[in-house]
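A short write-up of the structure that comes next.
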Amino acid sequence: MTGLPDRLTRPLIDENPITLQILGICSALAVTTTLATALTMSLALTVVISLSATLISMIRNHIPHSVRLIIQITIISALVIVMDGLLRAFAYEMSQRLSVFVGLIVTNCLVMGRAEAFAMRHPPGESFLDALGNGLGYSLILIVVGTLREGLGLGTILGVPLAPMLGLDGFTTLALMQRAPAAFFILGLLIWAIRAWRPAQVERPEYQLSSEEEDA
Amino acid sequence: MAETPVPWWRLFAMANDDPRKAVGMTVLVAFVAALGVSTAATVLKPYQQVHVERERQARLDAMLNTLPGLRGLMVEAGIDTLETRIVDLQSGQYDPAIDPASFDPDEAAKGPATSRDLPPGADPAGLKRIATHAPVYLLERDGRLHLVVLPVSGMGYQSLIRAYLALEPDLNTVAALTIVEQAETPGIGARIAEPDWQALWPGHRITDDDGRIMIRVTQGAAGPYEVDGISGATRTGNGITAMLTFWLGDQGFGPFLDRLRERGF
């Protein structure tokens, strides 16, 4: 049995939705060119996933199996529209920079995944913690990737130049870091590092070559 | 279970595999979600409008900056923005009775006394209803007109596009086109908002010698009237063509431009 605090902490590293389940990659690539966009996106997704999981869990016993996806999507998209509206009202600049990606939270497998796999079968409190944990796990990866990409690519953190902070005159920025492939490289390295540290996450091969079986 | 008068309690009491429950729950959830979304939209609208308004002003300023020599002229004249006047669209006359500072074109387009329906045949831009009056922005120096800026709008592929069209003093040459508001497909139609595309506009002619409005957005543009469209955004381009055709025509600023040509500033 998993205790309630574990519901919140396990998705941070051990069951991280991005690095273990490889979900939500699209937005992780698109919004991590700067730390500020990564933080805003993290906040938006964490709020949406927590609220949607709680709401869906509250009515889970009355959701007919045949229409459960429609009902989940309706709840999630309503929350996303409200979130998008809030950003446009109070963080207009940021909402312009995030363009469609807040809207695309609707199709983020992470949100649907937690609703379908967890909130449909667990009480609201537990679902809320699980979703919050997953949102924070997603945020953690976005923040790491965003920090590296902005730091190395633009030489700033949250728009503040890094070089003076490090006592340097300046350094050559890596333009590649601002492009999409860099996010893949960083995610790949992160997954490698986490799996080296927690070997339990390494997937067993689905099949082995027959020669190896003979050798064994 | 005891009979209850509230219908949704009966709905909750149904078995989950009852088709009526599937329909009922979907409708109920959709209704609640719709209520939430519309409430949020209504509450947040004024806050969003402030940003949209500021953005519009910033785009207008940015457009003025792209026009060669214009800023210098304005500094010389000691002004920092264009003069706003309200035009009666049908007569093409200025209407001094309306204070430009308090005139809200969006409100005017809704009011029954300050707007009119467009007949389906005369509504290429898909606006349905427009205000009877519209603001124009002018730059005049020593009795000579230097720039006219007209606010235009029309339906694109999926959203209402608003733009400022700046005309040279000959009233037949585009000085600049700036898109101030649009929600077209990101990466495709939305590229009309990029400076690179808007930079194609200056210098294009509007009407031919017979006064027909010829300016249009098309693929593989050639000649003085055609502006190259964005690949994959044909319908957005068509929307802009229709928008300009409408607003420069008789239903739009046509009478005002005629009057300006005949009698001058």
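Heads up, the Cβ atoms here are built off N, Cα and C, so glycines get one too.
According to TrEMBL, the features are:
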- B:22-44: transmembrane segment (TRANSMEM)
- B:98-123: region 'Disordered' (REGION)
- B:156-251: domain 'FMN-binding' (DOMAIN)
- B:Thr234: FMN phosphoryl threonine (MOD_RES)
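The residues of the domain 'FMN-binding' (B:156-251), classed with DSSP into helix (H, G, I), strand (E, B) and coil, number 24 helix, 26 strand, 46 coil.
Of all Cβ atoms in the shown protein chains, 16 besides its own fall within 10 Å of the Cβ of B:Thr234 (FMN phosphoryl threonine). Remote same-chain residues near the transmembrane segment (B:22-44) are listed as 8, 11, 14 (criterion: CB distance under 8 Å, separation of at least six residues from the stretch ends).
Mean pLDDT, taken over the domain 'FMN-binding' (B:156-251), works out to 91 on the 0 to 100 scale.
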